[in-house]
Ligand code: UDP
Ligand code: MG
């Protein structure tokens, strides 16, 4: 029997791209079904992440028009990672595997066949990895690649140039549901699952329409979330920095004492002021980093629900599901 595949697509204010996305996926689904790659119960599952525009109206309309479109509406905007998780958890008990992709058609739909083929060959996780980043601006490319490198240096196991275009089998999704952290960074968690995985290379296109929902501020906070959720190295760096500065200050002290006894002590105002500022700054920085981790602990301890589903538009099944 062909596997039932769910295509999970988080959408936040995506009215400009949804009609085209749906049209392209319609073609793709048709082709994949005719080729015998995926089963008749395969679905596209749109997750509306609390959009303020007509996204949900469009999803409901497509749900009525096409028997393969389903929709989940979140009560609030909870961010891409949470919306994606909600979609994956909704798909978990209904499919053999789920593929997550962006609504804006940046993830090349032609790569989908390879995802499913690898899954049918026995992979539980298939990562989509970009060939090149020439459709990104210089700034986005440099910061994004720098981010992967920093993550690597900090000892976090992330797949280079892989975003959230990936396939996960039902049992990988089951495993994912056991990770209960509030500060969610899926591309760091999925490699932890550890089942057999493979990669598919694809060309990343430009956003079909509309604007990026990831402005610089969100990107930075996402990157920091990724680092502080997976690595305690920054805390260690702080301690090392503290040790280094203490050692240096011993030399400083020696120098001051020698100058004093040699009778060449100057008024010393500059040195004092500089050290006050330097140390003050360093201490603030270190407190900030420690505070970042404490903030994380605070939100993890509260263990609030990560999203709330307001509505779910389901489709009738044709075959007996998984
Ligand atoms: N998205 C979301 N919630 C948000 C922000 C973004 O569900 O709060 C979705 C968005 O609709 C898109 C995907 O996440 O499907 C990736 O966002 P975008 O394309 O804007 O990011 P970029 O490709 O510019 O990094
Ligand atoms: Mg995009």
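Placement of Cβ uses the backbone N, Cα and C atoms for every residue, glycine included.
TrEMBL annotations: computationally assigned, not manually curated.
If you look up TrEMBL, you'll see 7-175 marked as domain 'Glycosyltransferase 2-like'.
Residues or ranges marked as transmembrane segment by TrEMBL: 241-262 (among others). Cβ atoms under 8 Å from those of the transmembrane segment (241-262) belong to residues 268, 275, 279, 282, 286 of the same chain, restricted to positions at least 6 beyond its ends.
Listed by sequence, the residues of this chain that lie at least six past the ends of the transmembrane segment (268-294) yet keep a Cβ under 8 A from its Cβ atoms are 224, 228, 232, 234-235, 238, 241-242, 245, 252, 256. Annotated transmembrane segment per TrEMBL: 268-294 (among others), in sequence order.
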